[in-house]
Structures are given as structure tokens and as C-alpha cells.
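Going by Swiss-Prot, these are the annotated features:
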{"type": "SIGNAL", "residues": "1-20", "note": "signal peptide"}
{"type": "ACT_SITE", "residues": "His76", "note": "active site, nucleophile"}
{"type": "CARBOHYD", "residues": "Asn98", "note": "N-linked glycosylation site"}
{"type": "CARBOHYD", "residues": "Asn163", "note": "N-linked glycosylation site"}
{"type": "CARBOHYD", "residues": "Asn193", "note": "N-linked glycosylation site"}
{"type": "CARBOHYD", "residues": "Asn202", "note": "N-linked glycosylation site"}
{"type": "CARBOHYD", "residues": "Asn238", "note": "N-linked glycosylation site"}
{"type": "CARBOHYD", "residues": "Asn251", "note": "N-linked glycosylation site"}
{"type": "CARBOHYD", "residues": "Asn316", "note": "N-linked glycosylation site"}
{"type": "ACT_SITE", "residues": "Asp339", "note": "active site, proton donor"}
{"type": "CARBOHYD", "residues": "Asn357", "note": "N-linked glycosylation site"}
{"type": "CARBOHYD", "residues": "Asn391", "note": "N-linked glycosylation site"}
{"type": "CARBOHYD", "residues": "Asn457", "note": "N-linked glycosylation site"}
{"type": "CARBOHYD", "residues": "Asn462", "note": "N-linked glycosylation site"}
Amino acid sequence: MVKPVIFAICLGVLLSKALSIPLRSFADIELIGSQKSLFPFLGGSAPYFSFPANYGIPTDIPEGCRLTQVQMIGRHGERYPTRSEAKDIFEVWYKISNYTGKYEGSLSFLNNGYEFFIPDESLLEMETTLQNSIDVLNPYTGEMNAKRHAREFLAKYGKLMENCTNFPIFTTNSKRIYDTAQYFAEALGDGFNISLQTLSENSSSGANTLAAKSSCPNWNSNANNDILMSYSRDYLENISDRLNDENKGLNLSRKDAAALFSWCAFELNAKGYSNICDIFSAAELIHYSYETDLTSFYQNGPGYKLIKSIGANLFNATVKLIRQSAHLDQKVWLSFTHDTDILNYLTTAGLIDDTRNLTTNHVPFRDHSYHRSWYIPQGARVYTEKFQCSNDSYVRYVVNDAVVPIESCSSGPGFSCEEGTFYEYAKDRLRGVSFYEDCDVSKVSKEKELTFYWDWNTTRYNASLVNQ
């Protein structure tokens, strides 16, 4: 962790040494929107895209069925890099911008007035918007993603909101997440009286949080380092060697090569396209994508046993809302949080294959069961639908515009799961796991339950925003 003061000094030096950067210039229009095929290879840092494996299942509510509840758990929209991500990007930018020779090969575009995509450190951690984008034509801002999502949500689920126009939207107190929730609320229109319930990510929140990992002292990002370190990173060496051979004296390292992938992804968020992305070969993108899958799988997914307990906190609450749907006036439940919290939730819900681990020996293709970017691109959204068909009710999940059936329970209409069978399934998923006990939450909080869905109208949640 870089201390804030040291980071600010280093960042100031790097920016002062870099080329002058005019904000909001017009780009080559032909380039904007031309790199969508790269999004799945950038580990969830690039702009939103729909879940590729849609199985051909229509997302419409099955004919003859009536929707009775929908829950949405969403990620913040497209953003600038975090401070830790930016540190690595600025280090490689410093080397490149201070290179005194003519750029050759893959970096030759830098000879043509290239503009760096982070003009000011105040943008770090922030959502990309129409105001702060480096290019005024950028179609991938987090702001517009959230607003577009809201209009699509209203078109599909608006009938459930007609009789309950006063409702909350739940968000963590991360500013970019709060901003996403606010943009979403604004785009729903003025026909609703919406209150943003802002929940602290501080560990003292215990179980009453949308960011359970922050309240889990036992979570350890290094728990599976021995596994992760065994994956070959020769592809990074190949990138740095190639760029150094083309530009003698540049002296990029393997770490710099890794940072170029982040540069590529976040520049897409801020600019709508990225020349840096064109540096990589198809094979290098595949290797990088798989490495991000590995890291995520063994840190925040099925490859780390504790994750099922962390995700149980939110999954248990969502199941409870489904059970109570007939007795609750509110039929639409909207929540916004971080990517890792969504991955934890999906892991516990069983929507991610946990029957086999990912190998570090090679990139598997036929048996590649976990794609981080597919589940949590910027602006990711997971819907839980409950609908009634004749006298029976059913539950199913929609992840990033695609129905993702429960593998062991999908015989209902639209490949849904019959309600009673779903509760048995959920009980089995939660058997033997306890967020509070497995995480030793008592070390940081006395809050043993997630209550905000039920007490928001009597307990006002208004945690101060933090830029993280």
C-alpha cells in the first residue's frame, strides 16, 4: 500500500514530467467504438458488455407468467483507475513520455500528438462522466451506462414499480458506487420518490453491509499465492522485450508490460478507444485474460473456500426477500456495490462452477469455466426474478443481459427453478457456512445480521462518501 502523501508526491512528479495534455479533445471518430471485441480479455476493467454465453434463452418473462419480484445487484459504471492501479500506469507512462528517441513499431502512434488519458490525479477512483472524459465523443462513460441501464430496467420491470413509487436504492459509500446509484435513480424519471440509502464499507458495519469482504478479518488476498505464482508470465516478458527491441533504451520491465493492459482498459473507459490496446497480440490478450481469471478465482471466487461464507451474507438476505415477496409492498430491490462483492455473491449462489479448479499449467479452452470479465464488467448487473405461472412460482437469474440457469434446477418456464425447490437449493448452498463465524466478524463488529433491506425506513443510512 502506497502511503497517500508519498503517492501524491510521486504522482505530481510523474505528471509534471509527462507531455502536456489538453482535456476533452476530439479523437479520430473512426476509432471510437471499434475495440469492443477486446472487452472480454481485460479482466472486468473495460467497458460493459453482455454475458457471452447466453445459451439462447430469451430474457422475456415466459408467456403466461406474471413477474412478482425483481432484485438487482449492480456494479458501479466505467471508471478511472484506482490509486494503486494508477501508480503502475504512471510509472510506465513516465518512462514512455521521457523517451528521447523516435517511437518505433507498436509505439509509433506516440509520434502523432498522443494525449495521455489521466490529466489530473483528482480523477482517480472516479466514475467516468460526460464532463470528465478525455474525449467528448466517448460512448463508454459510467454516467451514461447507469442512465441507459435505468431506462432499460424501467422498460422491462416498470409495471412492478407502478404501485410503489416511494422506494430506496441501496449503495455502499464508495463515491463512484454512490454516483452510479444516483445516475440510475435520475434516469428512472421524476415519477418516483427515491431515497439513496448509503451503507458504510467500514468493517464496523459487520454483517449489515453490501461489502461483506471488508468486514471479514480472515480474508487474505495472499492465501493462494503459491498457486498463482506457478502460472507462467513469459508473455509479459515477451511484450517488454518486443517494445524494448523496437525502441532501444526504453527499458520497460515485465511489471510495466502488465500495467499496459490496465492502461488499455481504463483508457477505453475515459476516451472510447485506446491505441495502447493495439500493442497486444491475440495470444497475449488470451494469456492476460486467463491470468486475471486465475487471480480472481483464487482470491474472490470458488477457488478460495472462505468466499462462499462471505457471499452467504448477501445471498441469504436475497433469498429471504424472495420468501417474503407476497407480504412486501416493495417489489423492486436495487443495490449497488463493488465487483468482488458481486463475485462473492455469485459464488455462493452457485452461478459460477465450483466443481473444478482452474489449472495454472496452461490456458484451458474446453474446460475454461470461469471468466471474470463475463461476470463483472464495469456496470455489471445481476437480476433475480420471481414470477408466477398459473398457481406456481419460479425463480431465475439474469446476469449481464443473459439468463444463467441454476445447473441443477432449471426445469421451470424460461429455464427457471420452481420456488420450493429453489429454497431447498439455497439451503444446500448455505449449509455449513456462516459469514459471521467463518470470517471472525466479532473481531471488528457486533452486527450479526444484514438488516438494511427491512429497517431502511426507520434507520436512515447516510454514511459519508469515500473516494475509493
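Backbone N, Cα and C define each Cβ position, glycine as well.
Least crowded of the glycosylation sites (Asn98, Asn193, Asn202, Asn391, Asn457), judged by neighbouring Cβ atoms within 10 Å of its own Cβ: Asn391. Spacing of Asn202 (N-linked glycosylation site) relative to Asn98 (N-linked glycosylation site) is 40 Å (Cα to Cα, whole number). Mapped onto three states, the DSSP output places Asn316 (N-linked glycosylation site) in helix. Ranked by Cβ neighbours within 10 A across all protein chains shown, the glycosylation sites Asn163, Asn238, Asn316 are led by Asn316. Its own atom aside, the Cβ of Asn251 (N-linked glycosylation site) has 12 Cβ atoms within 10 angstroms in the protein chains shown. Neighbour counts of Cβ atoms within 10 Å were taken for the glycosylation sites Asn357, Asn462; the minimum is at Asn462. Long-range C-beta contacts of the residue listed as 'active site, nucleophile', restricted to its own chain and to partners at least six residues apart, with a cutoff below 8 Å, comprise Glu127, Gly142, Ser174, Arg176, Ile177, Asp179, Thr180, Phe336, His338, Gln378, Gly379. Cα to Cα, Asn193 (N-linked glycosylation site) and Asn98 (N-linked glycosylation site) are separated by 53 Å.
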